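These notes are about the structure you will find just below.
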Amino acid sequence: MLGTLRTLFLTALHAFHRRATVQYPEQKPYLPPRYRGRIILSRDPDGAERCVACNLCAVACPVDCISLQKTEADGRWYPEYFRINFSRCIFCGFCEEACPTYAIQLTPDFEMGEYTRPNLVYEKEDLLISGTGKYPDYSFYHVAGIPVPGKARGASERERPPVDLHSLLP
Amino acid sequence: MTYSAFFTIILTPLVILGLATMLTWVERRLLGLWQDRHGPNRVGPGGMFQAVADGTKILFKQDWIPPFADRGVFILAPVIGMMTGLLPFAVIPVTMGMGIAGDMNVGLLFILGMMGLGVYAVVLAGWASNSKYALLGGMRAAAQMISYEVFMGLSLLGVVMMAGSFSLHDIVAAQAGLWFIIPQCLGFGVFMLAGIAQTHRLPFDLPEGENELGAGFHTEYSGMKLGMFFIAEYAGIVLVSSLVTTLYLGGWRGPFLPPALWFALKAGAMVVFFILLRASLPRPRYDQLMALGWKILLPLSLFNVMATGTILMLRAS
């Protein structure tokens, strides 16, 4: 009996507690930077595309929503087209994990509602952003050991110049 | 029949129906408040028109009668529920002059009779649905409501003895000095519990028992027939609240404010208490419910009748 009355009292006290609901459209919830939302393609600090069209993201994708085609220009690889079908995407983040160049990233944005399905297919120009995303200083071609126009072999960060085999002769 | 009486007869059911519909929204908002959330707050100011939206939706739902149901009784059951839910309001005195039947000299008996008939709605609905969960709900309802009716009547006997009348007007008049909730606190407690059981509201909603019986006696109902059960249930809450107000809380009596407002305030507080009960208490097991009824509440109400009678006798002599 007393327990019942206590329950009633404690429940009534909840009228003075703060409400847990976030009134969504007017009031946005805090989303952490690593939230897995809309997928973007980021750029180098230099402003070049990071994506090298290695296809690892498309392979990692469990629902096969990523489609891309490789092309070559100026001695490096680019995606000719890069297409994500967000009506299939499950926002698992596997593509981001698979990406060797930090090009594909998931962002804290989920407001992508559309009335027609074709609108959910994002092309490369929809996906590309002008910034670097979560990794502001990372530039794949500055770290990787392959030569590109403007950077000779051995000129990467933390890379020694190649050994001249001929100079080793006795 | 005067013009104003005719007007009252038309207006009262409309007001009750409106109240019952709005109560669904009030209940959801209050439950939200006590569960640290908002509840429906989008449609109209504060979500007020949620009830209208829900009502419109339920009106346009397909009204499906299962082929295995006993058609006639199946249709009759919600009608009985609605009727017995609305008729008692005829004798409830909101103020001295407000009320359809005015001062009926057996008003309390009429209300008890109507509440007794209300059992038929639930039992017939459970029976006519011809399915196991509905039948189980109907059976539970029959046992629960019939056994709780016994001491609902007995607990009211104390009030009737003190007022010396079955007329609700006389009962309110007898509370001029002291509200009956103080001398009849035992009867008040028993009547409250019996009232909750009668309207099969939580925590005594065993006839519905969502998590064990589907939806209990109205499992097979859809569309506006289901809506009628809901409205009857909410009208039942309003009825029990206004009965408690009339019988124990001094009816329309109170200082400063107009009598109708006092009545509305007291009844409203009772309705809020009903919803608080729903927000906080779990449903007892079926045998616990029956044991509480027959082993505790029945002796208590009998003791209340005896004690009240003794005191009145001693005072008279």
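Backbone N, Cα and C define each Cβ position, glycine as well.
Automated prediction, rather than curation, is the source of TrEMBL annotations.
Residues or ranges marked as domain '4Fe-4S ferredoxin-type' by TrEMBL: A:39-71 (among others). Long-range contacts of the domain '4Fe-4S ferredoxin-type' (A:39-71) within the same chain, counting only residues at least 6 positions beyond its ends with a Cβ under 8 Å from a Cβ of the stretch, are 77-86, 88-92, 94-107, 122, 124, 127-141.
Cβ environment of A:C99 ([4Fe-4S] cluster 1 binding site): A:L56, A:C57, A:Q105 lie under 8 Å away, each six or more residues apart in the same chain. Annotated [4Fe-4S] cluster 1 binding site per TrEMBL: A:C51, A:C54, A:C57, A:C99, in sequence order.
DSSP gives A:C95 ([4Fe-4S] cluster 2 binding site) a helix state. For A:C95 ([4Fe-4S] cluster 2 binding site), other Cβ atoms within 10 Å of its Cβ number 24. The [4Fe-4S] cluster 2 binding site feature in TrEMBL is assigned to A:C61, A:C89, A:C92, A:C95.
What TrEMBL lists as domain '4Fe-4S ferredoxin-type' is A:80-109 (among others).
Note on the region 'Disordered' (A:151-170): residues 141-145 of its chain, located 6 or more positions outside it, place their CB under 8 angstroms from a CB of the stretch. Taken from TrEMBL, the feature region 'Disordered' applies to A:151-170.
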As a quick check of your reading of DSSP, tell me how many residues in the region 'Disordered' (A:151-170) are helical, how many are strand and how many are coil.
4 helix, 1 strand, 15 coil
Reported in the order helix, strand, coil, what are the DSSP residue counts of the domain '4Fe-4S ferredoxin-type' (A:39-71)?
5 helix, 11 strand, 17 coil
Report, as a single number, how many Cβ atoms besides its own are within 10 Å of the Cβ of A:C61 ([4Fe-4S] cluster 2 binding site).
20
If you measure A:C92 ([4Fe-4S] cluster 2 binding site) to A:C51 ([4Fe-4S] cluster 1 binding site) at Cα, how many Å is it?
19
Quick one: of A:C51, A:C54, A:C57, A:C89, A:C92, which of the binding-site residues has the smallest count of other CB atoms within 10 A?
A:C92
